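These notes concern the structure reproduced below.
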Amino acid sequence: MPTELITYEQNFSSGVDAENDYPPLDSGMGSFQVSELERQGDSHKRSNDEISELRDETLNGREKKLRQSESISRNSTGNAQVEAIPHHSINVDQSDNLLSEQENPTKVYLYDDPHLENDPQQRQEESDANGIMEKLTDDNSMKQVSNAKTSLETAQFLETSNSMELQRTKPHDMNIISPSEPLEQPFYVNAKQYYRILKRRYARAKLEENLKISRERRPYLHESRHKHAMRRPRGQGGRFLTAAEMAEMKRKEEEGTDNDSFLQEHVPKMNVLPQQLPGPVKDNNNEKSDEKPVAKEASN
């Protein structure tokens with residue numbers, strides 16, 4: 001089978017390389033290309049949808065603000081009452097302002113469609129609603145500040161009055177001890193007693209949890225032991241005295257009594273006349289002389 005050789009010659013007349021002078025390949029993307037008219041139509045539809053959404057949002061926000069203002073005016077306890085102004089009740093001055101704004105409007109452009117502008121009437125309604133909300137917030141803030149000031153003043157007055165009363169009652173309270181409150185005295189135990197007390201408390205708490213014994217308990221376990229402890233002599237700090245300490249105390253008491261008897265015996269008595277003693281002095285001689293005639297009369 002004969003083979004044909006294909007050769008390419010350079011065409012220098014056109015000034016373009018022959019290798020690069022091929023027709024464009026069909027990649028299949030031509031059907032997905034969109035014309036400029038279709039793009040403009042899509043952008044215009046998108047801008048219209050966004051404008052409608054913005055208008056709906058502004059209307060909903062205005063209605064919410066008016067409802068909030070009405071609720072705040074109902075809840076306010078002050079004398080000043082704020083009324084919600086409907087958006088269709090506009091004065092003549094406001095209409096004049098709207099005309100002046102239509103003649104010289106402030107240009108507000110959107111991002112997608114810069115030729116569209118906001119509605120001046122809509123902007124006026126938004127400004128009215130914002131002014132009402134600002135007034136309401138100012139009134140509420142003033143009321144809160146006044147309430148806070150009054151509460152602070154009352155608290156300061158109460159604190160000063162309480163401090164003055166405490167200063168007046170302190171010196172009396174320091175000297176007077178209420179009889180209803182008993183004085184807590186410390187008690188001393190050795191190591192064996194200490195561990196025994198802990199063991200007893202643990203067992204009692206366990207029984208109280210199981211509701212086997214009542215939680216109300218006496219300050220002592222056994223009445224006889226309590227009486228015996230109350231009779232025992234105590235030393236410094238409420239500690240019980242030992243037998244040696246008790247014997248020494250008895251010896252000191254006996255020595256004190258011996259010294260008193262020795263002084264009474266050996267110190268001479270003062271010679272004091274009865275006239276120098278206080279009180280009326282009775283004369284025994286006169287009493288005897290009075291008794292004699294009575295005896296004579298009785299004998300006669």
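Yeah, the Cβs are placed from backbone N, Cα and C, and that goes for glycine too.
Swiss-Prot lists 218-243 with the feature DNA-binding region. Within the same chain, residues 185-188, 249 sit at least 6 positions outside the DNA-binding region (218-243) and bring their C-beta atoms closer than 8 Å to a C-beta of that stretch.
Residues annotated as compositional bias 'Basic and acidic residues' in Swiss-Prot: 36-68 (among others).
The compositional bias 'Polar residues' annotation in Swiss-Prot covers 69-80.
Residues or ranges marked as compositional bias 'Basic and acidic residues' by Swiss-Prot: 284-300 (among others).
The region 'Disordered' annotation in Swiss-Prot covers 1-81 (among others).
What Swiss-Prot lists as region 'Disordered' is 247-300 (among others).
According to Swiss-Prot, the motif 'Subunit association domain (SAD)' annotation covers 188-211. Residue counts for the motif 'Subunit association domain (SAD)' (188-211) under DSSP, split into helix (H, G, I), strand (E, B) and coil, are 19 helix, 0 strand, 5 coil.
Across the DNA-binding region (218-243), DSSP helix (H, G, I), strand (E, B) and coil residues number 13 helix, 2 strand, 11 coil. When pLDDT values are averaged over the motif 'Subunit association domain (SAD)' (188-211), the model yields 90.
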